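According to Swiss-Prot, the protein has these features:
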{"type": "REGION", "residues": "25-67", "note": "region 'Disordered'"}
{"type": "COMPBIAS", "residues": "45-54", "note": "compositional bias 'Polar residues'"}
{"type": "COMPBIAS", "residues": "55-67", "note": "compositional bias 'Basic and acidic residues'"}
{"type": "DOMAIN", "residues": "187-234", "note": "domain 'F-box'"}
{"type": "ZN_FING", "residues": "311-359", "note": "zinc finger"}
{"type": "BINDING", "residues": "315, 318, 333, 338", "note": "Zn(2+) 1 binding site"}
{"type": "BINDING", "residues": "343, 346, 351, 356", "note": "Zn(2+) 2 binding site"}
C-alpha cells in the first residue's frame with residue numbers, strides 16, 4: 001500500500017470529508033468503513049492547521065455563523081452525492097486535486113460574503129446612530145464650523161452660528177417658545193397659516209368669549225373676521241347684547257313705579273360734611289362776575305346737604321355759607337379753611353348758654369319794622 005502524503009490540501013479535504021460523514025450519519029446515508037478508517041488516520045501536524053472558516057465560526061450561537069455553516073454543509077452534502085456516484089472514490093479514501101480546488105474556491109467565496117455582510121451591517125449601524133433631530137444636527141454643524149474658524153483665526157467666529165441656522169429651519173421646530181411666561185398662540189398659528197386649527201379653537205369659544213377676544217388686539221379681531229362662522233357668531237352676539245341692553249333699560253324705567261330720591265333721607269342720616277370750597281383767583285375786569293357766580297355755586301352746594309331743621313346764613317368773617325341752627329342760634333361756616341362757629345345774635349364766637357355781650361341786635365334794612373308817622377310809612381300810605 002502507498003502511504004498518503006499529508007499536505008495543506010489534504011487537511012482541508014479531510015476536514016470536508018469529516019463533515020460529509022457527519023451529514024451521512026444524520027441523513028441516513030451509508031459511508032464505507034475504508035473511508036472512515038482513512039479519515040481517522042491523521043498526522044499531528046495536520047490537526048494544528050486550521051482554515052479561516054474554522055477560526056471565524058467559533059461562536060455556535062451566532063446567527064451569522066450559523067447561516068454560513070449551514071451553507072457550507074449544504075455544499076459538502078452535494079459533493080458527497082457526486083462522490084457516492086463513482087465507485088472509485090467510494091472504495092478509496094482519496095480525493096482528486098480538481099475537487100479540492102473547487103472546495104477551496106468555495107471557501108474563498110464564503111469569506112468574501114462574510115466580509116460583505118459585516119461591512120453592510122457596520123454601515124447600517126452608522127446610519128441609524130446618526131441623530132435625526134434638526135436641533136442636534138444644527139448643534140453638530142455649528143460646532144464643526146466653530147472648530148474650523150478657530151483653526152484658521154485662533155478665535156471663534158460666532159457669526160457662523162446664524163449662517164448655519166438658516167439652513168436648518170429652526171423656526172419650525174416645535175417647542176421653541178418653551179419657558180416663556182406669555183405666548184400668543186393665536187398669532188403664531190396665524191403666521192404659520194394654520195387656519196383649520198384656528199377655526200376649531202374659535203368654534204369652542206362662546207359668544208361672550210368671542211366679544212372679549214375682539215377687544216384684546218387688532219390681530220385677534222382680524223383672526224375672527226377671517227373666519228366666516230366666527231364672524232357671524234360675533235356679529236349676532238353683539239346685536240343681541242345691544243338689544244338686551246335697550247330692553248332692560250326700558251323695563252327698568254317705563255314699567256316701574258315712581259321712585260323717590262333718597263338724597264334728603266341720606267342727608268338726614270349722615271353727619272354734616274363740610275365741603276372744601278375752592279376760591280377762584282381774582283383778576284382785574286371780570287372779578288366781580290366770577291365772585292358772584294362762585295359764591296352762588298357755594299350756596300347751592302351747601303343747600304343740597306342741609307337737614308330739615310337747618311338753614312343758611314352768611315359767615316361774618318369770609319361771607320361763605322354757614323349752617324344755621326335756629327334752636328341754638330348757632331352757625332358754622334362750611335369753608336374748611338375758616339370753619340368759624342359764631343352766634344347769630346351777636347355775630348361773635350359761639351358762647352353756649354352764656355348771655356351775649358353785645359345785646360344790640362343788628363337788623364338789615366329789609367328787616368326793620370315801619371315806625372308810625374315816619375316818611376317811609378307816609379310813602380307807603382300814598383302808594384296805597
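Each Cβ is built from the backbone N, Cα and C atoms, and glycine gets one as well.
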Per-state residue totals over the zinc finger (311-359) - DSSP helix, strand, coil | 0 helix, 17 strand, 32 coil
Just the number: how many Å between the Cα atoms of residue 315 (Zn(2+) 1 binding site) and residue 356 (Zn(2+) 2 binding site)?
-> 18
Residues with Cβ closer than 8 Å to the Cβ of residue 338 (Zn(2+) 1 binding site), same chain and 6+ apart in sequence?
-> 315, 317, 318, 320
One should report the C-alpha separation between residue 333 (Zn(2+) 1 binding site) and residue 343 (Zn(2+) 2 binding site), rounded to whole angstrom, as 11
Cβ contacts within 10 Å for residue 333 (Zn(2+) 1 binding site), all chains included, total 24
Including all protein chains shown, what's the count of other C-beta atoms within 10 A of the C-beta of residue 318 (Zn(2+) 1 binding site)?
-> 16
Which Cβ among the binding-site residues (315, 343, 346, 356) has the fewest C-beta neighbours inside 10 Å?
-> 356
